[in-house]
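Features reported for this protein in TrEMBL:
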- B:48-306: domain 'BOP1 N-terminal' (DOMAIN)
- B:313-354: repeat 'WD' (REPEAT)
- B:619-651: repeat 'WD' (REPEAT)
Amino acid sequence: MRQMYLVDDVPFSIPAASEVADLSGVINKLLEANHDGHKHVEFDFLVRGQFLRTKLANHMETENISTEEVVEIEYVEKFTAPQPEECIMHDDWISSVEADSEWILTGSYDKTARIWSMEGKAVMTVAGHTDVVKDVAWVKRDGLSSLLLTTSLDQTIMLWEWNSERNEVKARHCCRGHAGSVDTVAVDPSRTKFCSGSWDKMLKIWSAVPTVEEDEMEEHNRPRKKQKTEQMGLTRTPLMTISGHNEAVSSVLWMDAEELCSASWDHTIRLWDAETGGQKSTLTGNKVFNCISYSPLCRRLASGSTDRHVRLWDPRSKDGSLVLLSLTSHNGWVTAVRWSPSHEHQLVSGSLDNVVKLWDTRSCKAPLYDLAAHEDKVLCVDWTENGLILSGGADNKLYTYRYSTCVSDAGA
Amino acid sequence: HSSKRSLTKIYAYGHDQDQRKFWLALILTSVTLQDIRNTVGNIPMEWYKDYPHIGYDLDGKKIFKPIRNKDELDEFLDKMENPDYWRTVQDKMTGADIRLSDEQVDLVHRLQEGKFGDVNFNEYEPAIDFFSNEVMIHPVTNRPQDKRSFIPSLIEKEKVGKLVHAIKMGWIKPRRPKETTPQYYDLWAKEDPNSILGRHKMHVPAPKLKLPGHEESYNPPPEYLMSEEERLAWEQQDPEDRKLSFLPQKFACLRAVPAYSRFIHERFERCLDLYLCPRQRKMRVNVNPEDLIPKLPKPKDLQPFPTTQSLVYRGHSSLVRSISTSPSGQWLVSGSDDCTVRFWEVSTARCLKTVEVGGAVKGVAWNPNPSICLVAISYDDTVVLLNPGLGDRLVSTATDQLISSYEEPEEVKEQPVQWTVAEGEGHEQGHRLILKHPKAVRQVTWHGKGDYLACVMPDNGSSLQVVIHQVSKRRTQNPFRKNKGLVQCVSFHPIRPYFFVATQRYVRVYNLIKQELTKKLMANCKWISSMATHPGGDNVICGSYDCRLAWFDLDLSTKPYKVLRHHKKALRSVAYHRHYPLFASGSDDGSVIVCHGMVYNDLLQNPLIVPVKVLKGHTITHDLGVLDVTFHPTQPWVFSSGADGTVRLFT
């Protein structure tokens, strides 16, 4: 709570027809009375944890709040709209994006992954896959050299080492074992392992530590493959294979160091023990899951599926009500969701209807902001720790937005 | 003793034995009442049973019971020796022994005998009859009559006055006069007026009389008058056989018409007709036509089924004639009139591969066997087996190896189709085998195991309309020697060795092992356009150009179990889902209709066929709408390809 926005705790009687702008005016008047140098600030209002979007009377009626009693209305500084920063053109569709504090890594349908600076300057092109790159991930950074992962439709995952000073990239390992396109990859919190999910219904856990020795291949009767491995890094085999899904795995993530979560086309999200490979629990939906995201701040899973809804799940819940909330505003499949790394209520979702939406879970009826810059399907979104929202899609463009979340929650 | 007398008076009435006992007890208590030693009053004496005393005296000292320590022997000795033993009783109130006096003993005796306690009381004193049946001359009493017996009663006057007032005010109704009309029992009072046999519904209209014609006229046209022969013939006929019951006569004017001699006779006959007319009634059942329609479940309860358009696969520049999905559901292949075949990623609508062929593509079919990666493409008179190289690399290379490892048999049979291995640029694009047919191939379809491939070459004049290829042995068979009509499409039974051949009006089911015709399904439509077999193999649907979709149950009948007429224009394609109870039909009106078709294991329950969704999206181009529909192999999604050059995914 910021002291500067504090007002006295006195109940006010407010006209029922007042809207957000009216309430904001009331608070500003009060603040002007208290502080001399007050500048006008737009506020947003929360009535019992729900954002006020309509007239106060309508809101209270839909939320079943009596107008007779004193209602606490919280107010927060209005979230400013994300400011568009860069539009980075690619040669082909962007299938995936992951950014860390300095660099943006994108995977594209032109069989390459690219590294960009935050200013949108092309730094490096990582080429080596023989087919479409489906997912990318940063593993870790050691000074100037970084490790990164790319997965592809050619059934391999490549572990690359990139030196940012000399600006050269080297394929360290080629992870073979999947029998389908590798659609998703996730690096564990300790940055030593990663898990991949594939169209062949399997999850495989691999070591993310580069070595100089080649893993023993189980099958030696593949001379053509052998040649390729000599070209592109050392062959690596999985540490563990987890099977259980009945359909293609679409998304995988680490909940913590021991727990894995995977979403699949068989309408389930499954939680796995990463040590033993055993299945812990299953969340069953009724549509194909495209993507999931987990927020350690609010301990919720967000899922996007082949319908219009973003659903929030409680992965720990034991009772039947698994879906906590449905966020409905998209008009197409939700292809990407990502929780804010710093704010426990906010998430961003991308959809086939060309729109990226910024959500606050306290306003489940309508999103905070629609980012309608894309001209074609949105395929991936990301949200970095330092407040950058990225979205890429089938219009070959990667948009970045600067979004400053005001963490401050003002008083009642 | 003064009280004793009053008591004895009461005894006189206590004739009863129990009462007497009671009174006896009362005497004893009353006798001892005077005993000052009892200070506790009339209480149950067993309360003091365990104490040595009964009550307290004025000084607050205990009044002790007399010591009774007699044992049986003492008792007996006492009984023997004491002459007053028999008249000694114990007073319960004090516990002391009392010796009854002679008077008291006498009283007890009298009471025991049922006599009065008082010796002087005479029970039987003579009674005097004051009132007898004899009328005396003197009144019983000499008392003069009261005055009130001579004057009117004021109380009665008041009562009458109140009644009169009440009647005047209408509070009391005078008694109703008795009804004098006689009462009858209404026989039909309880009859249900709505019953079919109700009295008034039994009305039978009288048979109508024939209206008089020209021959009845007093001045009929001459052609109605009888000639002499006719009149003679009429007279010789029996009255029952006569056509006319009278002779037409002509009069100059109405005035000359005489009285009608047969009037009474005719009335009598009319009465006979009415009396003998049949009382048969037509029973009419009132049924609400709405009730005859079977109750269908709501589409909402039959989910999942595709409801909205999710993805559009754009890229073709001309009609997309045919589509097919890979067995895993990751890829979609579409063949178009722009001479290309495109491979799409289902989840993103990304075209990953475009293969050009030498003609407008009529049919594409992905091999349903997941361990073989082959797509059959038909254009003009050629069928190409193409390895798209999508999906698992191992499967793809294994397929290539399988094809290249073929060895020519020693004796080469002459085949109707020419097999060639693709080389050069075609091989680079994925072409593996090229089959040159003698005529244009319209449809290709795979057997479920993925080794046999059936091709349709519609031609009315030839017997070579259907060929079945065996890919592993590169052999071609012509299964039919005779031409039984223009073949529209063929289909393999998914499990059993049956083969469905749809001609214009019939679907023939052949047993491929026994090589005989098993069944002939009558489609009841003019021209079958497409056919699909249920993955269980028990049901077949046929779409026709006259807007119908016929649903057959092969076990039930050779006629369609249900015919759906939901499309407005000709159907082009029908498809079954592999797992879900869904089938879809695409039509020239640009819509895809998805139906829920559930067949129950319970044979008594009728199959449930409900149209659940009309999916629109394709624009109608050159009067053509949807050209092909196919379901996703695992999800409840349907793909449709249209004349507008797009493929659409509905989920």
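Glycine is treated like the rest: Cβ placed from N, Cα and C.
Caution: TrEMBL annotation is automatic and unverified by curators.
With a cut-off of 8 Å between Cβ atoms, the residues of this chain six or more beyond the repeat 'WD' (B:619-651) that come close are 304-329, 332, 334, 336, 338, 344, 346, 349, 569, 572-580, 582, 584-592, 594. Residues 360-370, 375, 377, 379, 386, 388-391, 430, 621-622, 624, 627-628, 630-635, 639-643, 645-649 of the same chain lie 6+ residues outside the repeat 'WD' (B:313-354) yet bring a C-beta within less than 8 angstroms of a C-beta in it. DSSP labels the residues of the repeat 'WD' (B:313-354) in these numbers: 0 helix, 24 strand, 18 coil.
Per DSSP, the repeat 'WD' (B:619-651) is made up of 0 helix, 17 strand, 16 coil.
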